[in-house]
Amino acid sequence: MQASRRTKRDSIPNLYAKCQLSGNCLPDVKNKVEADTLADRLLRWLGSVIYLGGLGIGTGRGSGGSSGYNPLGAPSRVTPSGTVIRPTVPVEGLGPSEIIPVDVVNPGSSSVVPLEDLTVPEVTIDSGEVGGGGLHPSEIDVVTSSDPISDVTGTSSHPTIISGEDNAIAVLDVSPTEPPTKRIALGTRGATSTPHISVISGTTEFGQSSDLNVFVNATFSGDSIGYTEEIPLEELNTIQQFEIETPPKTSTPRETIGRALERARDLYNRRVQQIATRNPAMLGQPSRAIVFGFENPAFDADITQVFERDLEQVAAAPDADFADIVRIGRPRFSQTDTGQIRISRLGRRGTIKTRSGLQIGQAVHFYYDLSTIDTADAIELSTLGQHSGEQSIVDAMIESSFVDPFETPDPTYTEEQQLLDPLTEDFSNSHLVLTSSRRGSSFSIPTIPPGLGLRIYVDDVGSDLFVSYPETRVIPAGGLPTEPFTPLEPPFFSEFYSSDFVYRPSLYRKKRKRSDIF
């Protein structure tokens, strides 16, 4: 049986050229072409520490590159390398633009320059007769000649510095300024018609003054000659601004960042159980919440406490949150995000105990947040005691009012007037309504003979029973009766609307007495 022969794959450059388009190159092909093999990485890493240049160490094919290797012993020649630097733009030479002839200086002459008084010559122009017409200034031709040596003035401005590309040549560009202008003043003295022309140079030395008047016109702008220095001005009496620093909330200095990070890493991590307790023993003596027993009042609670109990005397803790606590740390004070003070204690439970006596338990973080103290309302209080400059007058009659109608009667009314009813009763346009109960009631309204005013008096009938015996008078047509009528006696009453009746004793049937003898 003949074994299958292994087919050789294509070259690495051909494989990389084909698989690069699809992006599924083999790792060895890609690393070989891109020089990312393990050897290439080691060379890069070691090359950053030690120098390996000139050794020819690499992962190439060993052909010496595109130019090949030079044979041993062959003369070496220097190959041209680098870039050719082109010359820059030619710059003008340093010096004045025009050649000015200068007087020859005698070495034996004195170096002190004598001072001379400069006087302006007066030019007199004959204007003819006195009565003739005046001479207009525009008709006068004034010609001044300039001296090329004495008219050269310096400038106070800084020259322009031009530097080349290689920063090796510095050229100063000095531009001479134009000579100052001449000013001509024309005036007339007195009543004469002879004008006076004064030619004054534009440059005036310091300390000299001219006899000319100066007119300031805001429509014309001046020319600034020379270098001007701009000095920033500061405002006077400006409003000062300051920041109010927040006062500290505690008297102790602020803890460092390292201690804060250590505390956060110690109390607030995933291996520490967080328990919020409201037991007041957490603030003073936490042992009251862990074990039952006598507490020493002189005991300092600001230390770490360790609790050891025998298995025979195991009892439940007074607080269920502090069960199986074998160690509790000292109190730590911090501040919450809401501004409250938090008291924290780090404890450890003894849940599991091995035969060797090792206790294993979870770390517990007990914290107690103190309640906030609300700000007191601002109540304006009165000052106690007497002070100079202050006086208070108290009058009980003004502050209080006493009501007693008997002691302080009204002087406008007498006793009789107070008993009278000041209200006037008016019964005009009124109706008389008579009401009665279930039983029949008789009302007697007396009649008054005609001719007299009709006056009807209605008694105020309440819940009581009133019995009335009316009298009837028959007035004959002739006048009043002479003898009064006498009512019948005794009167006889009959009730027609009675709800019951009563038999008289004489109407009852008499029963005969029967004897049992027969």
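Keep in mind that glycine also has a Cβ here, set from the backbone N, Cα and C atoms.
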Annotated stretch (motif 'Nuclear localization signal', per Swiss-Prot) among the listed ranges 1-10, 221-230, 241-250, 381-390: 1-10
Candidate ranges 61-67, 509-515 [criterion: Swiss-Prot lists as motif 'Nuclear localization signal']: 509-515
Cβ packing number for Cys25 (disulfide bond), 10 Å threshold: 19
Within the predicted model, mean pLDDT of the motif 'Nuclear localization signal' (509-515): 72
Cβ neighbour count (within 10 Å, all chains shown) around Cys19 (disulfide bond): 14
